[in-house]
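K.L.:
Okay, so Swiss-Prot annotates it like this:
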TOPO_DOM  23-592  topological domain 'Lumenal'
DOMAIN    35-148  domain 'DOMON'
CARBOHYD  114  N-linked glycosylation site
ACT_SITE  203  active site
DISULFID  205-257  disulfide bond
DISULFID  242-269  disulfide bond
CARBOHYD  247  N-linked glycosylation site
DISULFID  364-480  disulfide bond
DISULFID  368-550  disulfide bond
ACT_SITE  389  active site
BINDING   389, 391, 464  Cu cation B binding site
DISULFID  443-465  disulfide bond
CARBOHYD  476  N-linked glycosylation site
CARBOHYD  517  N-linked glycosylation site
């Protein structure tokens, strides 16, 4: 047999290494609708490794942007031209002008090109201390992408035209242990031909019965089933456990939630057992945790609440979206639970207009956690994932954690919250919540584009400030929230007296004269809000006493429900660790520039790259 030439052996080894590298990227996202641009990435110590697989023989652009556009973005452009690789670190200014970075922080590992595709693999440190680079954190990031059929140098900076876009991702979401759906049974909870009204916000509720199991099983994965072309219509889905005293008669109908004619059975469904929001994908439970079904303590009847967002008032929409739950008789060690924490959704939560930033806080108080955990789990519960939830005015959300007056590391955060991308964040390390701890859901809003008050409520034009904590082992605590005192808020704008007893909602103001016979909502809108008044009001509401919500399943309550509490006094705020920057380090790589050159030249003779390019 004729021996292989050394360069052929080398080429085979390199291509094999490239294919193996593709399998080492645990995260994958298709960035465009035509599946022409595929992003793979993975954490490598203090850096992030990327692999781009794009259907073009020209340049490929990739970037990180605060707002999803080209202005003030961190960009890298690369490709293979004439058998030689190129990869350049760029940035854009506020006018979207592309400029080469003096400090090159993206490091090429390898590049390949065939008759249809270009593959680029490169890395970058999370923190470079380059003012032209965007730090990579656990927050949402708007990934921007573009490509062209020509390389960058052929005719200057070729405009990418329509082959561009943006997608929100969480690049540092920890790797999760996937389960093979083929090995699991599943059942679907989906709406059946729901007529979505031609109004901006609809909450539709439908009862379901969990398929009867004769022994305990664990749900290990939940996937959204969103009807095609309804990805922007279905804003979120909540699944509630209902009273075990119901019977099959409740299954015959769906109805608008929170409606005066809503069926009485809906009021028995208070315990959230799963939450999905727009932009999110399926959720896989950790290997040691599952959602229990099949026992007397588990949900038999569930209520699925679907939030439809129809701002264009489109008529004739029919929806069949829902959830798919995968389950197994092979039990995990722990049962999962969900706690809804934050601000109770209410008109008592309000935000003045014209504010560049306004902060609201929802408290899961030490009194509630002391009572509930002290009775059910004195050694604490373990949080493994968090979903942070707000609406259109939301800009950032933090879940703060306090113990004995000392602030702990943030439980979860998103400094670049995207209303259109809300999913459970897997925590890098599980966090223990102990009796007597405090949790604060801190939401940052911007209302610079609004001329009237923004109110807490169900519409996406209203606001929420909530966190959904996935934890184990399951205890009898479903909601841990707060409502700020409304009367002190009204005193800020000069309200002196309201009509009592309260017979209408919103209640009516009696004095002073300028607000007489106005509802408190009308009075707040009538007040002349300035930025300075808004700042003073914000300082006030963060110090107000609050009404505590501390709920069990089946509409039961812990004894502290309805009592008054005060925000915690923080003796020792958490000090973040200093950022260590690196711009010169590169991921360990066995491919030298000389070896890479062989790949660049030889790859042009390869018909395709096998399974790594689709």
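Using N, Cα and C of the backbone, Cβ positions are placed for all residues, glycine too.
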K.L.:
Under a criterion of Cβ-Cβ distance under 8 Å and sequence separation of at least 6, what residues of the same chain contact residue 269 (disulfide bond)?
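P.N.:
Long-range Cβ contacts: 240, 241, 242, 243, 301, 302, 303.
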K.L.:
Looking at the disulfide-bonded residues 368, 465, 550, which ones sit with their CA no more than 10 Å from the CA of residue 480 (disulfide bond)?
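P.N.:
Among 368, 465, 550, the ones whose Cα sits within 10 Å of that of residue 480 (disulfide bond) are 368, 550.
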K.L.:
Near residue 114 (N-linked glycosylation site), how many other Cβ atoms are within 10 Å of its Cβ?
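P.N.:
Other Cβ atoms found within 10 Å: 17.
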K.L.:
Around residue 364 (disulfide bond), how many other C-beta atoms are within 10 angstroms of its C-beta?
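P.N.:
The answer is 30 other Cβ atoms.
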K.L.:
With H, G and I counted as helix, E and B as strand and the rest as coil, say where DSSP puts residue 247 (N-linked glycosylation site).
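P.N.:
Once the DSSP labels are grouped into three classes, residue 247 (N-linked glycosylation site) ends up as coil.
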K.L.:
What's the most sparsely packed of the recorded positions 368, 464, 480, counting other C-beta atoms within 10 A?
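P.N.:
Among the recorded positions 368, 464, 480, the sparsest Cβ neighbourhood within 10 Å belongs to 464.
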K.L.:
Look up residue 368 (disulfide bond) in the DSSP assignment and reduce it to helix, strand or coil.
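P.N.:
It is helical.
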K.L.:
If you skip the near sequence neighbours and keep only those at least six away, which residues in the chain come within under 8 angstroms of residue 205 (disulfide bond), Cβ to Cβ?
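P.N.:
The list for residue 205 (disulfide bond) reads 254, 255, 256, 257, 262, 266, 303, 304, 305, 306, given in order along the sequence.
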K.L.:
Give me the long-range Cβ neighbours of residue 443 (disulfide bond): same chain, 6+ apart, Cβ under 8 Å, in sequence order.
P.N.:
342, 343, 359, 360, 361, 362, 390, 394, 396, 397, 463, 465
K.L.:
If the Cu cation B site is taken as the center of the Cβ atoms of 389, 391, 464, which further residues of that chain fall within 8 Å of it by their Cβ?
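P.N.:
For the Cu cation B site, the extra neighbours are 390, 394, 463, 465, 466.
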K.L.:
Among 364, 476, 517, 550, these being the recorded positions, pick the one whose CA is nearest to that of residue 464 (Cu cation B binding site).
P.N.:
364
K.L.:
Quick one: pull the CA-CA distance for residue 368 (disulfide bond) versus residue 476 (N-linked glycosylation site), whole Å only.
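P.N.:
Approximately 12 Å lies between the Cα of residue 368 (disulfide bond) and that of residue 476 (N-linked glycosylation site).
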K.L.:
About how far apart, in whole Å, are the alpha carbons (Cα) of residue 114 (N-linked glycosylation site) and residue 389 (active site)?
P.N.:
44
K.L.:
Looking only at 476, 517, which of these glycosylation sites has the biggest number of Cβ atoms within 10 Å around its Cβ?
P.N.:
476
K.L.:
According to DSSP, does residue 203 (active site) sit in a helix, a strand, or coil?
P.N.:
strand
